[in-house]
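> Quick one: the structure is below, questions incoming.
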Amino acid sequence: MGDMANNSVAYSGVKNAVKEANHGEFGVTLAELRSLMELRATDALHKIQECYGDVQGICTKLKTSPNEGLSGNPADIERREAVFGKNFIPPKKPKTFLQLVWEALQDVTLIILEIAAVVSLGLSFYQPPGGNEALCGSVNVGEEEEESEAGWIEGAAILLSVVCVVLVTAFNDWSKEKQFRGLQSRIEQEQKFTVIRGGQVIQIPVADIIVGDIAQVKYGDLLPADGILIQGNDLKIDESSLTGESDHVKKSLDRDPMLLSGTHVMEGSGRMVVTAVGVNSQTGIIFTLLGAGGDEEEKEKEKKDKKTKAQDGAAMEMQPLKSEDGVDGDEKDKKRSNLPKKEKSVLQGKLTKLAVQIGKAGLLMSAITVIILVLYFVIDTSWVQKRPWLAECTPIYIQYFVKFFIIGVTVLVVAVPEGLPLAVTISLAYSVKKMMRDNNLVRHLDACETMGNATAICSDKTGTLTMNRMTVVQAYISEKHYKKIPAPEAIPENIMAYLVTGISVNCAYTSKILPPEKEGGLPRHVGNKTECALLGFLLDLKRDYQDVRNEIPEEKLHKVYTFNSVRKSMSTVLKNSDGSFRIFSKGASEIVLKKCFKILSADGEPKVFRPRDRDDIVKTVIEPMASEGLRTICLAFRDFPAGEPEPEWDNENDIVTGLTCIAVVGIEDPVRPEVPDAIKKCQRAGITVRMVTGDNINTARAIALKCGILNPGEDFLCLEGKDFNRRIRNEKGEIEQERIDKIWPKLRVLARSSPTDKHTLVKGIIDSTIFDQRQVVAVTGDGTNDGPALKKADVGFAMGIAGTDVAKEASDIILTDDNFTSIVKAVMWGRNVYDSISKFLQFQLTVNVVAVIVAFTGACITQDSPLKAVQMLWVNLIMDTLASLALATEPPTEALLLRKPYGRNKPLISRTMMKNILGHAFYQLVVVFTLLFAGEKIFDIDSGRNAPLHAPPSEHYTIVFNTFVMMQLFNEINARKIHGERNVFEGIFNNAIFCTIVLGTFVVQIIIVQFGGKPFSCSKLSIEQWLWSVFLGMGTLLWGQLISTIPTSRLKFLKEAGHGTQKEEIPEEELAEDVEEIDHAERELRRGQILWFRGLNRIQTQIRVVNAFRSSLYEGLEKPETRSSIHNFMTHPEFRIEDSEPHIPLIDDTDAEDDAPTKRNSTPPPSPNKNNNAVDSGIHLTTDMNKSATSSSPGSPLHSLETSL
């Protein structure tokens, strides 16, 4: 261990010698502290007693005060950093630019091109003996210099293009890496921790913590440094990240005071003195070791990667992003993380599959091209021209074969979409950067894209939907219900004394109210917001809680039962001077009231509190408060007389019972003003919002109505946690998916829920197979116990302000403002990523199809590709790197929220896109072939076809090349719209990158054509020829308008491409129109069809039911992820026939909106999200049958017709 110590001390960049010399002013050395922190439990206690006496002794040696902390003097901080190190673990060195260049060179297609170019170069300098070139066929026998010059220029130009492609790729990777390092440091800066300095409690960045700091530790913290406990309340730590021990470890001064960095506080609170930071902390030591061993592992991994890369060939290039949560994360990650991994991101899966398919097709085409060229040449030379094979002709023939090989490789280069991973990376990187401005700090790249597919959001209430600024607005004190805060004199003196002491000591001492930052502003609430509301209540009663706290400091508290999600209450025991004990308790009113056997009456004396009285208070006080959306808290106490033996404090159930109720208060937490609008947007976008909260059901329902999660007259479900558990579990208490499936489609509010309930709900929705598309669930969480739900969800959002470190660790995105509207922005960005990729694909596949067909046909007919290797590489650069940059950086618009989610199995290339790809490819091929075979006549120039081996560039082929590039440039503008919109220029000037790239490419094209000469096989063109090229290019814009006029539904032969998962055969009728796809050209057509659709709806329903039964036989055998179909007709609950289960009414019987059917009939036409799942129980089957037959549920084709209008 000693070696290890030296190792990491050296690592921290401060020389050992300096440290040891300097320790003189502190009574303890770095090495001593490190060896102390390696001990646990009793060993550590013995060592502390032996060397330092007690923890106070360590504080003395570290020159710090347990109550006042460090002075915060800059000189002192600097000295401590010099001796004990900074709280910073050096990150792994980033890859250098040269390493990234080397990685880019590993691309298989580029390696083939490099070899071909080198062979071409070598042969161009080879002069065959004798002058019999004329016997060898059609070689251009001009001046020897010119011939050799032309020969080497092509090889050199290919090499140069390869260098360009490699440099651009490496630069992109480098800037991406730089950006994510910036993101990482931003995440680190966001992390703050509470310490005491100069007697003041302040929050400082984790990196600024130094040895000797007194840090406050509370529930949910991720400890940033090693330390020793000075004072603790019921502290339990999860040390599994360091020790692998799954049980929570109790920490106390007399058992085990050692707190280690990287561990999570699962319960309780306390204070510790920091004894080791950075590379000297337990986490730091492990990181240092990993850093040393990491390089060797990296080399091993690279070897493996090379093997797989060689095997996968071009297809390997298509892995868009090795994401944090990708299935193919390396083994090391698996070992290090004991949390469940999420499955591969949807887009990644689809892209990988599509790219492999394109790669295979490209490989096939290039192979056929080379074979045809070689055969044609051999047959023409040997049989047609009857030339003998002469030894001196061999090099020249080899040059021909190399030329054919280069053509084949360039066909492959153009066909293989290397730009695909680049487009994904750029789009995600661009989005992540911009999302930061929208208060979304993305931790895992995939999450950004997955959010675009989200179909359900399970949101917390407090702080996300509400403002998290809590105030007491009503109170029930001395048997009187005050609708506003009572005057202090209205409350009997002894009740006031109980209130003041009970609230002051039974709220965490970290919760406090500070004066406003600006004059006239609101006071600042620090710590738990509910506790701040209670402290604020005391201030409203003209009492100061701080006086009580000064009198009873935290160390004097005898025992604290801290708040957790199981208890839903907090209790504190005080020891009085006469030896008696008093316990104060506060918590959810219905929970604490059940433990109350007495209540303080109007004269302030305790009187008997019977169950009947409790029911009266619930009906007359608590329910009215809750129905106004108030959170109700009950305050109570109990005395333990002095004469009796001291209670067994660990036996909580016997202690916190037989209480006397002091008061019940109603706390208001107003709904954020922007939330109702954001929820409407979600519902319009086909996303169901559910509220999961710990509050009681009436409070939750009232808030849900205010937010718009529930609307009056709807028959959606509101359940409490225990009711939810009763319905989803069988007699043995096991959760059954079938039971969850009967509840979740209608569930909108889950109240009084524990984190386990939240996890169960999320898992149930994700695992459900009742819809064709698997649900994509986003979850918000702030508590330590929300970790499992955040991990299980497709996208986990943690609260940046109220969230615990544990929740942030488990999340994918951190909401820096804790606001629900930021989630809606994340949806918008996610859908934008999807659209950006689709735009790029639409553009690229058009170029691919045209370039491959032109090269292939040209090669077969004229033994030469009309587009030369270097030109192809330039086109490749345009369409891969530059187009991916241009199209992947389009900003999102509100229109993205008018569509339903794409769904996991929706193909990347929709039928509208397929129509655009084939339509534009047709136009471009007609233009190119017309120019290729009739260009010389049209422009009255020499033909470039059948030119000899080293002929100078021809005007003819230059016009073909130039027109081809112009068509791509204008088609890039067309590619901006993928849903059949007419106006392709809409918002074009909002995207400066797009305009810059299009103009830049145009300028470079002019330079290449006019001055490129032999290297680019270009000849200068006249103004007239240029105008023709541009005119034919602009033709793609007009042609695009013509294509968008043709309704997609008429083109039955079109299929989609790029399915992420295995795809079933779908009957042709069902393919008539995509559910989520809005082709704007069809809107006019649709209006007339709606009545017709309505008339046919019942028949369609019956057909769907039959289809459902037919397909479910097969679908039941498949995994949920692999089932895929474009429609999710058959699984809508309207079409499900319930079995003879015992019927449980699915409306909570306390629901105020029980007369839903009558109200519903009188309401205006349903909103997109209304009655999302109309029939969920046999009880409603008869009453709702007619409605379900004529209503359209979101996701059904009819519904998409109605809403699109």
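Cβ coordinates come from backbone N, Cα and C, glycine included.
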> Check Swiss-Prot for me: it has Asp460, Thr462 binding Mg(2+), so pick out which one of Asp767, Asp772, Asp782 it puts in that same site.
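For the Mg(2+) site that includes Asp460, Thr462, Swiss-Prot also lists Asp782.
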> With respect to the membrane, are Arg40 and Ala751 annotated by Swiss-Prot as being on the same side?
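Topo match: yes.
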> With Cβ-Cβ distances below 8 Å as the criterion, list the same-chain residues six or more beyond the ends of the transmembrane segment (869-889) that contact it, or say none.
113, 154, 157-158, 161-162, 164-165, 168-169, 172, 406-407, 409-411, 413-414, 417-420, 422-424, 426-427, 430, 836-837, 839-840, 843-844, 847-848, 851, 855, 961, 964-965, 968-969, 972, 975-976, 991, 993-994, 997-998, 1000-1001, 1008, 1015-1018
> Restricting to CB pairs under 8 Å, which listed stretch, 154-174, 352-371, 913-933, 991-1012, is in contact most with the transmembrane segment (1025-1045)?
913-933
> Restricting to the chain of Asp460 (active site, 4-aspartylphosphate intermediate) and a gap of 6 or more, list residues whose Cβ falls under 8 Å of its Cβ, or answer none.
Met691, Val692, Thr693, Thr780, Gly781, Asp782, Met799
> Kindly say whether the transmembrane segment (841-861) and the transmembrane segment (154-174) touch, using the definition of 3 or more Cβ pairs under 8 Å where each pair is 6 or more positions apart.
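Stretch pair does not touch.
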> Do any residues of this chain, six or more beyond the ends of the transmembrane segment (154-174), have a C-beta under 8 angstroms from a C-beta of it, and if so which?
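Apart from its flanks, the transmembrane segment (154-174) reaches 95, 97, 100-101, 103-105, 107, 110, 113-114, 116-121, 124, 406, 418, 422, 425-426, 868-870, 873-874, 876-877, 881, 1015-1017.
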> By DSSP assignment, list the helix, strand and coil residue numbers for the topological domain 'Extracellular' (372-403), in that order.
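Per-class counts: 26 helix, 0 strand, 6 coil.
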> Counting only residues 6+ away from its ends, which parts of the chain sit with a Cβ under 8 Å from the topological domain 'Extracellular' (862-868)?
154, 373, 376-377, 380, 407, 410-411, 851, 854-855, 875, 928, 932, 944-947, 957, 960-961, 964, 1016-1017
